[in-house]
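> This is the structure I want to talk about, given as structure tokens.
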């Protein structure tokens, strides 16, 4: 399958998996216009929509797309039932779409009902994980988001993280503020800065990359523990995760 990202709003990405014959799967269409334009340009035939959570910038285009393509199947968690979903899915479910298998797992934190879709090598993680960061805790707890990150971290290192926002540069600036001497973070920051200066995308990224530069995956690293312990003594990984999220909220 071919992976395409369609820019939307200020910093969203709507992901599309397309076959050479034009049949495609659309992920989190927050608005319909750019998707419809891409469909016309590429002569796609939409077969399914995957929704990760209920926020409007991820579901806003569903109604118009269903009107245009009445046979399209819309999958999503229970919290998206009133957003145009035709089939509710949840943790442990498996889908076969266009001959490709998708595993679904619950990733609460950003919202309580947030889910991710994994079809090797792609992970569509919505607003759970960003490159270098994690989603805001609008409904869930740091404990829930930490456990969601651990689920993602259990996937193969070559997994391609297809998150829904271009937040990478801001996240790397935050990471540098925490660990300014970290070589991996510095190197990645400069790479991302160059890409964004050229208006190029930083996504998708590999899980291997995130394990190196995403502080929320490194809460048990000695360098980060030492940094945190200079301000407060936090013995538990979840507490350190919560500390990081709080710092990012105020950054």
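Each position is counted from 1, following the chain as shown.
Each residue, glycine too, has its Cβ placed from N, Cα and C.
Pulled these features from Swiss-Prot for this protein:
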- 53, 55, 110, 127: Zn(2+) 1 binding site (BINDING)
- 57, 58, 127, 165: Zn(2+) 2 binding site (BINDING)
> Around residue 58 (Zn(2+) 2 binding site), how many other C-beta atoms are within 10 angstroms of its C-beta?
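There are 27 of them.
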> By a simple count of other Cβ atoms within 10 Å, which of 57, 127, the binding-site residues in the record, is least packed?
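The binding-site residues 57, 127 were compared, and 57 has the fewest Cβ atoms within 10 Å.
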> Can you list the residues of the same chain, besides 57, 58, 127, 165, whose Cβ falls within 8 Å of the Zn(2+) 2 site's Cβ centroid?
12, 28, 30, 53, 55, 126, 164
> Which residues of the same chain, at least 6 positions away in sequence, have a Cβ lying under 8 Å from the Cβ of residue 110 (Zn(2+) 1 binding site)?
53, 126, 127, 128, 135, 136, 137, 138, 139, 140, 145
> Starting from the Zn(2+) 1 site formed by 53, 55, 110, 127, give every other residue of that chain whose CB sits within 8 Å of the mean position of their CB atoms, in sequence order.
52, 54, 58, 111, 114, 126, 128, 135, 138, 164
> Over all shown protein chains, what is the count of other CB atoms within 10 A of the CB belonging to residue 55 (Zn(2+) 1 binding site)?
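There are 22 such Cβ atoms around residue 55 (Zn(2+) 1 binding site).
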> Enter the number of other CB atoms within 10 angstroms of the CB of residue 53 (Zn(2+) 1 binding site).
28
